[in-house]
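Pulled from TrEMBL, these are the features on record:
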type	residues	note
REGION	A:1-21	region 'Disordered'
TRANSMEM	A:43-62	transmembrane segment
TRANSMEM	A:136-157	transmembrane segment
TRANSMEM	A:164-185	transmembrane segment
TRANSMEM	A:205-231	transmembrane segment
TRANSMEM	A:257-279	transmembrane segment
TRANSMEM	A:322-339	transmembrane segment
TRANSMEM	A:345-362	transmembrane segment
TRANSMEM	A:367-384	transmembrane segment
TRANSMEM	A:390-414	transmembrane segment
Amino acid sequence: MRKSGTDNLVPAIKSPGDAPSMKGAEQFEIFPDYGPRINRRHMVAAAVVAVPLLFGFTGLAIRYAAVASTLAEPGFEAYARALCRWDCHWYVDISERGYERFPIPNQSNVGRWGFFPFYPLLVAVIRAIFPFPTIVVATVASLACSYAACLVAWPLLKKNMQAYVLYCAFLLSGPFSFHFTTFLSEPLFVLLTSSVFLALKRSSYPAAGISSALLSATRLVGVLVVFATVIEMFQQHRKGGGSPLSFPRWVLGRPDLLVAILISPAGLFAYILFLYVTVGDGFAFLHVQRAFGRVAGNPILFLWDGLSAFPKTGWLPTAPQWSALAAIAGLALSVVLMARKQYGAGIFCAISIVVPLITNLASMVRYVIGLAPLILLMAFLLSASKLTWIAALFLFLVACYFMTVAWIGGYLALV
Amino acid sequence: MLWSDVGNPYARAISLGCYALAAALAVSEILILALALHPNVHPDYRAYYIDRTTTCLNRDTVGIYSLGQTVSFRSDGAKRASGMKVCGWSGPAADGTHSLGETSRLRLQIPPLRDGLKATLQMAAVVRPPQMTQRVIISVHGVSVHKVTLSGKQPMTVSFFIPHAAFSNASTFEMTFDYLDGIPPSKAASSIYKRSIKLVSFRLDAV
């Protein structure tokens with residue numbers, strides 16, 4: 001009798017939140033191994049919540065020290081302003097003033113149209129509730145997004161604590177943590193990308209579609225995640241015994257899948273419509289690239305030019321070399337993802353690297369490290385052995401300081 | 001399960017709702033795409049951003065100028081020169097205002113005239129071996145008035161006559177410099193970054 005009761009209840013318990021309350025010793029007797037199991041789950045849950053929090057504070061302290069070494073002015077606002085470099089100023093402007101019409105005020109050639117609206121809009125909404133300076137609101141929002149991205153990564157890392165620690169360290173205390181904690185699109189981009197892949201992992205296509213729609217309003221390459229969605233659907237169809245030829249018919253027969261696919265680029269289309277109404281050109285975000293000096297060319301030649309830009313003095317690689325190496329490393333990791341049968345993630349990352357590479361190597365390091373599947377894979381691979389794990393963790397924390405100093409100093413490879 | 005197989009009327013309604021939403025999304029996206037493919041923009045915007053027929057994006061600026069006045073385009077004359085520069089210029093610097101791109105323009109207000117003008121410009125070529133000369137075509141309101149080849153780093157004084165017919169119908173005076181030998185900063189750089197000349201001074205005299 002007692003045994004059958006236990007058998008009936010245990011399989012229904014999926015998480016600590018599902019566990020029945022245990023008020024007395026009698027219940028402990030009925031479910032003898034619940035206590036340790038729940039305690040362990042609670043401990044893991046606490047660790048999952050605490051690890052990114054810890055790295056959030058550690059990273060903040062390291063970057064603050066780096067900023068303090070170059071600036072005399074103390075305080076969080078001064079710190080936030082010091083880290084706001086390059087594109088960050090564009091996002092601040094968009095969040096405060098929106099997009100301009102044509103002709104652009106101040107006789108400028110460069111409109112803000114190249115920067116996608118979702119993150120600055122989100123910051124504007126938060127600022128309406130908490131009336132602090134934009135950069136302060138955005139910095140806190142970016143920290144929150146990166147923290148949330150870490151939590152979303154936990155199931156994507158197959159609950160591998162070592163990989164999780166490395167991933168959190170990279171995002172919040174790593175060499176490029178300033179990208180994820182200032183007003184750039186990266187924090188939200190990483191969070192939404194992770195959300196899409198988590199939804200796909202759970203075959204929750206409507207959730208993937210909505211996250212993709214928001215992603216496509218965050219950065220242009222965000223729209224490419226729709227390929228990952230379609231590939232995941234195709235894999236599901238094949239697992240169910242469907243043939244490749246019957247896939248289109250299968251999708252057409254599933255309206256939920258159709259909605260998920262068609263809603264994915266909705267953010268991009270909304271922005272195109274907005275630009276058509278305000279500027280008269282829905283593709284202003286592409287056309288304005290001319291004023292930034294971006295020219296379409298052969299990605300292989302851009303890579304070659306970058307690699308062959310040897311330093312004139314010293315041995316440290318030049319900014320173009322770092323950018324080319326980042327692109328190559330990103331493409332190599334994309335291939336590894338595909339080799340591990342994560343075709344959707346691999347193709348999404350590869351195209352997201354190649355698309356900006358068509359114009360040149362500018363911002364390539366930032367684009368590569370902003371691709372969540374690549375960083376998740378890197379964390380996974382580096383945590384394969386304890387030695388590499390410790391070395392990587394140490395390197396991330398040390399590099400955080402020096403890379404922040406380089407970022408503040410305007411080092412071109414980090415732009 | 002295909003939607004046609006759904007027996008439950010509630011589920012069938014949801015299914016039909018999803019189809020309606022999918023259709024609405026598809027139609028909206030096609031319509032937005034059609035709008036985007038037919039931009040409704042100012043000709044200056046189209047020329048610079050879409051057609052890329054110019055590197056010089058026109059701006060609504062007109063400089064104040066008195067005939068017979070020499071305007072310095074070095075740092076010392078920044079204030080007076082700034083209103084005259086429409087597009088295609090960078091600076092000024094100590095050695096003059098540098099051209100940027102394949103075309104530069106100046107626009108200024110002049111009093112009504114009965115005859116033509118004499119223009120006197122001081123310009124220096126931007127040289128980088130093997131490009132040691134710079135050919136410049138100067139036009140006034142689209143009418144070519146002078147062609148010059150600059151060589152060497154030292155500024156050259158260039159004088160030429162501008163016929164009255166070239167600007168008689170215009171409310172402002174607009175001079176365009178087209179560069180045939182612009183030097184890009186790198187092989188892969190955009191044409192908007194080409195360098196050709198340094199304009200040192202500008203003067204117009206009534207003839």
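Note that Cβ sites are derived from N, Cα and C of the backbone, with glycine treated the same way.
Note: TrEMBL annotation is automatic and uncurated.
A quick note: this is a predicted structure, and the numbers were derived from the prediction, not measured.
Residues of the same chain lying 6 or more positions beyond the ends of the transmembrane segment (A:345-362) and with a Cβ under 8 Å from any Cβ of it are 197, 220-221, 224-225, 227-228, 231, 289, 294-297, 299, 302-303, 305-306, 320, 323-324, 327, 330-331, 333-338, 368, 371, 373-374, 415. Remote same-chain residues near the transmembrane segment (A:390-414) are listed as 58-59, 62-63, 65-67, 69-71, 82-83, 85, 165-166, 169-170, 173-179, 319-320, 322-323, 326, 365-366, 382-383 (criterion: CB distance under 8 Å, separation of at least six residues from the stretch ends). Tertiary proximity for the transmembrane segment (A:205-231) is limited to same-chain residues at least six positions away from its ends with a CB under 8 Å from its CB atoms, namely 116-119, 185, 188-189, 192-193, 195-197, 199, 256-257, 259-268, 270-271, 285, 343-345, 347-348, 351-352, 355-356, 367.
When Cβ-Cβ distances below 8 Å are used as the criterion, the transmembrane segment (A:322-339) is approached by residues 302-307, 345-347, 349-350, 353-354, 357, 361-362, 364-365, 367-369, 371, 373-374, 377-378, 381, 413 of the same chain, each at least six residues removed from its ends.
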